[in-house]
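Below is one structure; the comments refer to it alone.
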Amino acid sequence: MGKLLLILGSVIALPTFAAGGGDLDASDYTGVSFWLVTAALLASTVFFFVERDRVSAKWKTSLTVSGLVTGIAFWHYMYMRGVWIETGDSPTVFRYIDWLLTVPLLICEFYLILAAATNVAGSLFKKLLVGSLVMLVFGYMGEAGIMAAWPAFIIGCLAWVYMIYELWAGEGKSACNTASPAVQSAYNTMMYIIIFGWAIYPVGYFTGYLMGDGGSALNLNLIYNLADFVNKILFGLIIWNVAVKESSNA
């Protein structure tokens, strides 16, 4: 039934997916990146939901969340690519709506992967959720012109650093130390994505809003699209890999 609903949902989405494009210029690399990421997100969503049948019960929720992350992003990318191709404007509102839903889910994955293998306090999830929301809210305020770009950038980066601390040296790391080697390996890899993969976002913000006349919506969106590809899809694949390994050893 789950697979049937997934296929049905994909079929329903296809007309909208096909209609929101217009002509794509071969030299518009940002537009091409929108299309590539959209297709990759859909493929990843199908993959994660189908692969739920391969893992044990305690890992199914993690794969479900991975599928939700890529599925929600796919839906918003259908609209974002349309805005870009038709107007050439940065789809800031659509992008932040997407991030407001998917970034807390990505953060939730850290809690879920630890909860599946060891005991972890619920306070960790609350801290990470607050940190992610602060990062997103101030990022949006800076991009939307609600507040000055530099202060918003600094506050957002501080929230990101706070989350890294909690995961690298705080409650998250303490819980990870009691998990299996496979879970620890996955956790550490996810940490590197949070540190280096998420660093792509402030690079995009800086390029688009803090470089004066040198900034451009083209560079901003190309960088953001790359970041979403890495952080949403690769993140989920790491979860899938450890889930399959742990399930086969059970």
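Along the chain as shown, residues are numbered 1 onward.
Just so you know, glycine gets a Cβ as well, placed from its N, Cα and C.
Membrane topology from Swiss-Prot places Ser27 together with Tyr209 on one side. Of the candidates Lys126, Lys232, Swiss-Prot marks one as N6-(retinylidene)lysine, and that one is Lys232. A gap of 21 Å separates the Cα atoms of Glu143 (site 'Proton release group') and Lys232 (N6-(retinylidene)lysine). If you take the C-beta of Leu106 (site 'Responsible for spectral tuning') and look for same-chain residues 6 or more apart in sequence within under 8 angstroms, you find Val69, Asn231, Lys232, Phe235. Residues 2-3, 6, 10, 17, 21, 24, 60, 63-64, 66-67, 70-71, 73-74, 77-78, 80-81, 84-85, 218, 221-222, 225-226, 228-229, 232-233, 236-237, 240, 244 of the same chain, all 6+ positions outside the transmembrane segment (30-53), place their C-beta atoms under 8 angstroms from a C-beta of that stretch.
Here the topological domain 'Extracellular' (19-29) returns a mean pLDDT of 72 for the predicted model.
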